[in-house]
Amino acid sequence: MASRLLLNNGAKMPILGLGTWKSPPGQVTEAVKVAIDVGYRHIDCAHVYQNENEVGVAIQEKLREQVVKREELFIVSKLWCTYHEKGLVKGACQKTLSDLKLDYLDLYLIHWPTGFKPGKEFFPLDESGNVVPSDTNILDTWAAMEELVDEGLVKAIGISNFNHLQVEMILNKPGLKYKPAVNQIECHPYLTQEKLIQYCQSKGIVVTAYSPLGSPDRPWAKPEDPSLLEDPRIKAIAAKHNKTTAQVLIRFPMQRNLVVIPKSVTPERIAENFKVFDFELSSQDMTTLLSYNRNWRVCALLSCTSHKDYPFHEEF
C-alpha cells in the first residue's frame with residue numbers, strides 16, 4: 001500500500017489525513033500535535049470549521065520543534081460558499097493562510113459547488129429558512145482558484161461535493177488552465193459512490209473520502225440513523241483481522257485508491273486510526289463492504305436543495 005497518491009500537479013498526497021471538521025477549538029491544537037507525532041503528514045482543514053487558527057498553532061509548534069519540515073506536510077483547506085465571487089476568492093485564501101500561519105497550501109478546494117450571498121453569515125437564510133444563493137457560477141470561481149496557483153498561494157486546487165456533471169463542466173471549461181487535482185466527497189460503506197469515483201479516477205482526479213466512519217458526532221444525528229461503527233457485519237470483519245471497526249472503515253477506502261481523512265480529537269483514537277498499514281482486507285471483504293451501500297448521506301446540505309448548483313439531485 002503506497003502511503004501517498006500522485007496528483008495531476010506532480011505532488012504526492014498522503015493517503016491518510018486527519019480530519020478537523022467538528023473538532024472544538026480547545027481540543028484541535030492538541031489533536032493535530034498528537035497526529036503529527038504519531039506520523040500523520042496530511043491535515044484537512046476548512047475556514048468554515050472555525051478552528052484553523054488553532055490548527056495553525058499546532059503546525060507551527062511541530063515545525064519549531066523540528067518534528068517535521070513544512071515540505072513533509074500536506075495541508076488542505078477549503079473556500080467557503082460565501083466567497084465564490086471572483087473578487088473574494090483570494091482574500092478568503094489569504095485569511096486561511098494567515099490563520100494556519102502558512103505561506104502556501106498544498107491543496108485548496110471549493111468546499112461546495114453552491115455559492116451563497118457574501119457576508120458575515122456562513123449560511124445566509126431567507127424568511128422561509130432557505131439559503132440565499134449568490135449569482136456566481138462554478139467556472140468563474142474556478143478561474144479565481146487558478147489564479148491562486150499562479151500567485152504561489154496554493155500548490156494544487158480541487159473541488160468537494162461536486163457531482164460528475166459539475167466536474168465535467170470544469171474539465172470542459174474554455175481556457176481551462178488547471179484541472180481539479182482532487183474531488184473530496186462523502187464516502188463509506190453506506191454511501192459507496194462507485195460511479196462518481198470511477199468517473200473522477202478515469203479523468204486523473206484523486207478522490208478523498210470524508211466521513212469514513214459515518215461522522216457519528218454530527219450535530220443532526222437521529223437515534224434511528226444507521227451506525228457504521230456499531231454495524232455487526234463490519235464488526236465481524238474487524239474481529240477477523242484483529243482490528244477495530246474504525247480501522248476497517250479507514251482501510252476500506254485506502255484499498256479503493258482513495259485518500260481518507262478520519263476525524264478524531266482523542267489521542268488514543270488518533271493513534272489507532274493511523275495503524276492501518278499493517279493489514280489488508282481481502283477482495284471478499286471489499287465486495288462485502290461495497291454491498292452495504294444504501295445511498296445514505298451524512299452531509300446532504302438540505303438547506304440548499306433548491307439551489308441551482310445543489311449537487312445531489314443527480315444520480316452521481
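Note that Cβ sites are derived from N, Cα and C of the backbone, with glycine treated the same way.
Checking LYS117, LYS222 against Swiss-Prot for the annotation N6-acetyllysine singles out LYS222. What Swiss-Prot records as N6-acetyllysine, among LYS69, LYS95, LYS240, is residue LYS95. Looking at LYS12, LYS155, LYS203, LYS263, Swiss-Prot tags one of them with N6-acetyllysine, and that residue is LYS263. Non-local contacts of LYS95 (N6-acetyllysine) by the CB criterion (under 8 A, 6+ apart in sequence, same chain) comprise HIS47. Within 10 Å (C-alpha to C-alpha) of HIS111 (substrate binding site) lies none of the recorded positions SER3, TYR49, LYS222.
Secondary structure from DSSP puts LYS263 (N6-acetyllysine) in a beta strand. The Cβ neighbour count for LYS263 (N6-acetyllysine), using a 10 Å radius over every protein chain in view, is 24. Geometry remark: SER3 (phosphoserine) versus LYS263 (N6-acetyllysine), CA distance 18 Å.
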